[in-house]
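Enquirer: Handing you this structure, nothing more for now.
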């Protein structure tokens, strides 16, 4: 993202910086549909000539071709690639431009050609708009020996036409990227790139040369396609530094006490949590606690816990709270819906209340004591609401920042005081880069859904975070990781973040599915899925249902299809604007749309009350993702149902892990699925091949201390057979 005057926005937040791209009454179509007359805002905007002031050339044409002649020498200077969108550098069209007087015979430039300008040759004349927002003067181009002509239709890595033709910095030869200005290249000027576009980067990210309007099958506004600038998981969080200026400011959450402390109703199986087996590994773990009173929390925290409806601890809370209070690093694995958020928030808040806080709205630089990072915007906002609930009536202030919202709004929230910063990775690194927060006071670093935070999607950003100037080393801070799944390779990566003596807590059948969720696997071909989905949803009625698909385009397609079938449906995925995502979740929560079609952006950590059904229209590529998806139902002891469509052609690799997950959760395993698993993996296949009651175990070699404990009595016990072990969510 280019530099912006955030101080001005902070001082005058009520002044909008948005400038409309087109004003309908400012131009009109001529008789032939080619010419658009426009009254300019200033003479400098369109150039000095009167003919330029009287006309506005509308960029675009959804074509992979460009208007105007191509410099014959250019083919040797840049790749021979077609440009998608307005006025690119591909094939030229003669006599298709816009002229003040008339089209002259043999003139193929046409772009507001002024008869008063004496062009020495066709190449110079065809450039048009010399030394302004459109096409740079031919002599400058020749002298520079490289393609620096503003945004002539967005070639190679430049997404917007009409760049500012600065001969000094539009094209960075060392970086090999062009920076653009103008409506589709710059975010500062809505019409012609009159603002300096040099500081703005191309939006395409992947180097695609996409121009003014949508071309081919790619989406210009959302940036979807194979060179999409948004990440699927975080919905564009990694793309916060690209694209048009974001002006969306999310509405503040309700401030009344009843809304803050609205709580989940526990289900009929909540009391089964006491029978769950827990394994703690590492040196000298502290004893677990049985009640909130044993945690020695301050009275304000105890009052907030009671208001939130918390009456008893879940297994992960019984072990994690004393470990965190003892200052130990922690990696905790617990099934979905098990209260992991409260497990780390309560001891952190207790420490802050006891030791005091440093951040204040009266300080120029905010230095939070705790940073919590999660992979999706929806999840981090959910964590923030929990932090706000538990810190109600205290001096601790929690702040949430995430992508898809105005960066100035995020900064304004921070400067008002920030003790606990809840953030998604991209927006966090943006704010750190702007030097709006300091890291010297960080005492707690929390990674929620840590397996996702450390994989290839966010691993580099997390490593960049812990190496930022001022960030305390892992020996000087306390690092906490929570997730429902912790693959072995992720545990190895975690060594860079955690102290060597960290404790590992595994609760129940970690990495397995909850037995409160009834799982059904149906063998459905790819082209029969839609009809089967409609059949199931009609039988379900208005019960709240989440439908998971693999791609963003399919999410919108299925949602539209279901609406045509008179089934009220909305969708959420990474290409939707943040306001649309929040609106979709709001419609789903309130029951306006009982069906939500989602990609994996909604599979992680979202806690939506009373979701009765999860349907895997497309099975995910990994069994861990399957566990996270079906974990959206059957939470806090409530029951739920998960139905998955199994396609033989695309899902066979999941047969073996599916059989294991179903067996561990004491679910019926279809005979046809066992046959596929047996034929795929051979006669040695076993549904419980690992032989462990814990699906995720500490992978450290020769770690000292390991105990299997029952959460009710906390006595060491022999691990029971999985078939006899009660499960929970």
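Using the three backbone atoms N, Cα and C, a Cβ is placed for every residue, glycine included.
I grabbed these lines from Swiss-Prot:
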type	residues	note
BINDING	334, 335, 336, 337, 338, 339, 340, 341	ATP binding site
COMPBIAS	152-164	compositional bias 'Gly residues'
COMPBIAS	204-214	compositional bias 'Gly residues'
DOMAIN	532-677	domain 'Helicase C-terminal'
MOD_RES	224	phosphoserine
MOD_RES	228	phosphoserine
MOD_RES	727	phosphoserine
REGION	22-246	region 'Disordered'
REGION	230-249	region 'Interaction with RANBP9'
REGION	706-729	region 'Disordered'
MOTIF	290-318	motif 'Q motif'
MOTIF	448-451	motif 'DEAD box'
Enquirer: Which of the three DSSP-derived classes (helix, strand, coil) applies to residue 336 (ATP binding site)?
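Expert: DSSP call for residue 336 (ATP binding site): coil, neither helix nor strand.
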Enquirer: Checking distant contacts: for the motif 'Q motif' (290-318), what same-chain residues at least six beyond its ends satisfy Cβ-Cβ under 8 A?
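Expert: Distant contacts of the motif 'Q motif' (290-318): 257, 261, 263-264, 273-274, 276, 278, 325, 332, 334, 338-340, 342-343, 346-347, 349-350, 353-354, 389-394, 505, 507-508, 711, 714, 728.
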Enquirer: So how many other Cβ atoms are close to residue 340 (ATP binding site), meaning within 10 Å of its Cβ?
Expert: 26
Enquirer: Sequence-remote contacts (6 or more beyond its ends) of the motif 'DEAD box' (448-451), Cβ cut-off under 8 Å?
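Expert: 331, 340-341, 372-375, 379-380, 383, 481-483, 485-487, 490, 494, 604-605, 624.
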Enquirer: Within 10 Å of each Cβ, count the other Cβ atoms, then let me know which of the binding-site residues 337, 339 comes out lowest.
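Expert: Each of the binding-site residues 337, 339 was scored by Cβ atoms within 10 Å; lowest is 339.
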Enquirer: Out of 335, 336, 338, 341, which of the binding-site residues has the smallest number of neighbouring Cβ atoms within 10 Å?
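Expert: Each of the binding-site residues 335, 336, 338, 341 was scored by Cβ atoms within 10 Å; lowest is 341.
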Enquirer: What counts of helix, strand and coil residues does DSSP assign across the motif 'Q motif' (290-318)?
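Expert: For the motif 'Q motif' (290-318), the helix, strand and coil counts are 16 helix, 0 strand, 13 coil.
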